[in-house]
Amino acid sequence: MATQGVLAKYRLPPLPTIGEIIKLFNLRAEKQLSQNFLLDLKLTDKIVRKAGNLQNAYVCEVGPGPGGITRSILNAGVEELLVVEKDTRFIPGLKMLNEASSGKVQIVHGDILTYRMDRAFPKHLKKPWDDDPPNVHIIGNLPFSVSTPLIIKWLEQLADRTGPFTYGRTQMTLTFQKEVAERLTASTSSKQRSRLSIMAQNLCNVKNCFTIPGRAFVPKPEVDVGVVHFTPFIQPKIEQPFKVVEKVVRSVFQFRRKYCHHGVSILFPEESRLKCTEQMLRLADVDPTLRPTELTMTHFKKLCNVYREMCDQNPNLFAYNFREELRMRKLQGKTTEEGEEDDLQR
């Protein structure tokens, strides 16, 4: 894992403050885009330090907005900074930073959810997966509305070694709502233990670095924000395809308030549900009366391994979709297990 970064001696020339940039270009945070600006450069410097040593690094910043974190990244002495910004209103301010940094900033007007990061940086930066992480980093103050789908997308690309992970074990330093940050890093039996905990910790060393109070942002969000650092493992804890792990974990946590056998059961069609659920839990040596939050990574590893074997024996099993069965039962006027529907809406 990279050592904690130290901001380099490089400094941008005098520039308008972030607050002045916002006034100069008449920028306002758009509520529908979940935008919140971080103006305190001491905090943006702290975020960048948590990314590790960025001297001569290649960095992709997600959603730079008015450029607070962007300035801190440039001051860390990076070789090149790629910024991906969806909102055209921020482009003029980012161009100003590019000029001030002698062309170190590449500006992409686009959506990070669809941007091809496998083409973002020079090929010579690629490192073998079992080597140290490449000198490539992802940093971003993520809009709340995209943070969860984005990290799930990146985790899948990490598992497949595609997207930003074509360069190797690319590290990420990202902001999330405090609750999401706690879920990503939650340990076994903690209240915040969730699907995100397993999916992230299966593939990465995940560290909740520090919390930024909501009052530090403009406009002030209703929640605090957590800064999370991800360093991909050489080998995942669960050596199964991402889709297999995701399906098992999602199913188990579908009924987080109940015993884990409820979630396991929805992996199987109604006609074989009881038999297959008992078989899977027995072969995985998992107590059916444990709650989902009480299951360790080893429990999930065993569950995924057994489920994969069962899918290999029954090629149609993986395609089974409990939600579709539930929809058909509703159309036919059949009732669901008490509380089942409420849990599925969560």
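Yeah, the Cβs are placed from backbone N, Cα and C, and that goes for glycine too.
Copied from Swiss-Prot, the annotated features are:
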BINDING   ASN36, LEU38, GLY63, GLU85, LYS86, ASP111, ILE112, ASN141  S-adenosyl-L-methionine binding site
TRANSIT   1-27  transit peptide
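The binding residues for S-adenosyl-L-methionine are recorded as ASN36, LEU38, GLY63, GLU85, LYS86, ASP111, ILE112, ASN141; their greatest pairwise CA distance is 20 Å.
Local packing around the Cβ, expressed as the count of other Cβ atoms within 10 angstroms, is greatest for ASN141 among the binding-site residues ASN36, ASN141.
The Cβ neighbour count for ILE112 (S-adenosyl-L-methionine binding site), using a 10 Å radius over every protein chain in view, is 22. Within the same chain, residues at least six positions away from GLY63 (S-adenosyl-L-methionine binding site) with a Cβ under 8 Å of its Cβ are VAL84, GLU85, LYS86, ILE112, GLY140, ASN141, LEU142, PRO143. Secondary structure at ASN36 (S-adenosyl-L-methionine binding site), taken from DSSP and collapsed to helix, strand or coil, is coil. Cβ neighbour count for GLU85 (S-adenosyl-L-methionine binding site): 23 (other Cβ atoms within 10 Å of its Cβ, all protein chains included). Following the DSSP three-state reduction, the secondary structure of LYS86 (S-adenosyl-L-methionine binding site) is coil. Sequence-distant neighbours of LEU38 (S-adenosyl-L-methionine binding site) (same chain, 6+ residues apart, CB-CB distance under 8 A): THR44, GLY68, ILE69, ASN141, ILE212, ALA216, PHE217.
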